[in-house]
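To start, the structure under review is shown below, and the notes come after it.
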Amino acid sequence: MPINAITSDHVIINGANKPATIVYSTESGTILDVLEGSVVMEKTEITKYEIHTLENVSPCTILPGLVDSHVHLNEPGRTSWEGFETGTQAAISGGVTTVVDMPLNAIPPTTNVENFRIKLEAAEGQMWCDVGFWGGLVPHNLPDLIPLVKAGVRGFKGFLLDSGVEEFPPIGKEYIEEALKVLAEEDTMMMFHAELPKAHEDQQQPEQSHREYSSFLSSRPDSFEIDAINLILECLRARNGPVPPVHIVHLASMKAIPLIRKARASGLPVTTETCFHYLCIAAEQIPDGATYFKCCPPIRSESNRQGLWDALREGVIGSVVSDHSPCTPELKNLQKGDFFDSWGGIASVGLGLPLMFTQGCSLVDIVTWCCKNTSHQVGLSHQKGTIAPGYDADLVVFDTASKHKISNSSVYFKNKLTAYNGMTVKGTVLKTILRGQVVYTNANGVSKTPLGQTLLDSRR
């Protein structure tokens, strides 16, 4: 069995940054041993292995491959927006070794087993990282939920308002209550895009203000998120019996934090995530007409951004994800700069590690938020997100001393457009290892052969 080892004075293990050597099999793709302390080849612990190669990457840091649990790959059906090939290549270029694909924006959406089969066929031979899948909560598919669990989806996502694509309509309170019953005994999760406009509320603004970011922001106020989360919590509290865990995706409003905090304190199984763009960008920075910053919920104020950081450090927000939601430049309506008539989504898979490090986060915290907690959310905490024996040998070599500039031309996305264009960030991914195989180096780019696998085993 071919065995390699990689060592550094800086390895993120057991919630600390310390010297260690990782011994892994390139055949099984798993970690065999983690030897703490500076490596000495004469040590008994390492001489028991027939090491083929030992690589010392000091002073760079080794951390587990990131798990991005919120990615739209859009295949099949909207491959002009993204696809498995380009989306997963972008992931590994930034140290993301696992992504979980959202059920919408592909055609057909992942709302029944047949649609899921079509998606799995489309993914075959095109995955540069490992890929899991979410199923969809849409009207009339309650009978499809348990079959989808058995087919391998890791949970379900639904919208409480228009999703932006007609094939993925929103659900209401009655559906949520029924789905909680249907999935109560299943090993799964229910997730929600938590925005809920009031029935009489007009989201549109006068035509002349459509270029103004402030107009778009005011059209989707904090109350949308607060009202949606209140509805979801009301359904949970009304359920007289077991419920599956519930997750609020891409939380943008700090004003909703007290609701989550109180629900968790009362014992409700509720978690939430936020996104890199909500932590790294504030509304005050967004120029009028700059529709590449549009996302839903919207990026809010600087004080709101700071409030999200506080909630993340407190643990009320548990994880940070990309919500990679790309589209063609035409759908961003760049020439007109109309925020109301452009696609809402920010392309950013693979950019999160240096973005978070630039914000002053320790790598230990980044691993907690972007590896450990996301792997737990998707039911992969036994396999992904941790450097320990028995786990997949998904590893990232990160140069903390370097800086680089993010540019539209350098990203691997199909459409070279990101809100971070021109931003200088700290830290560079030098190498990404997926299950013991090098799949990316900063010097040579992505591997020629896709080595990613689908993750269809039951949650654990």
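Cβ atoms are placed via backbone N, Cα and C, with glycine included.
Residues or ranges marked as Zn(2+) 1 binding site by Swiss-Prot on the basis of similarity to another entry: His70, His72, Lys157, Asp323. The annotation Zn(2+) 2 binding site is assigned in Swiss-Prot to Lys157, His193, His250 on the grounds of similarity to another entry. For Lys157, the entry in Swiss-Prot reads N6-carboxylysine.
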| task | Starting from the Cβ of Asp323 (Zn(2+) 1 binding site), draw a 10 Å sphere and report how many other Cβ atoms land inside it. | result | 26
| said: Beyond the listed site residues Lys157, His193, His250, identify every same-chain residue whose Cβ lies within 8 Å of the center of their Cβ atoms for the Zn(2+) 2 site. | reply: His70, Met102, Phe159, Met191, Phe192, Ala194, Ile248, Val249, Asp323
| query | In terms of Cα spacing, which of the binding-site residues His70, His72, Lys157, Asp323 are within 10 angstroms of His193 (Zn(2+) 2 binding site)? | reply | Lys157
| message | At a 10 A cut-off on CB-CB distances, which of the binding-site residues His70, Lys157, His193 has the highest count? | response | His70
| query | Cβ-Cβ under 8 Å from His250 (Zn(2+) 2 binding site), same chain, 6 or more residues apart: which ones? | reply | His70, His193, Glu273, Thr274, Cys275, Tyr278, Cys295, Pro297, Val321, Asp323
| query | Residues near the Zn(2+) 1 site, His70, His72, Lys157, Asp323 excluded, by Cβ within 8 Å of the Cβ center? | reply | Val71, Met102, Trp134, Val249, His250, Val321, His324, Ser325
| message | I'd like the number of other C-beta atoms within 10 A of the C-beta of His72 (Zn(2+) 1 binding site), please. | response | 25
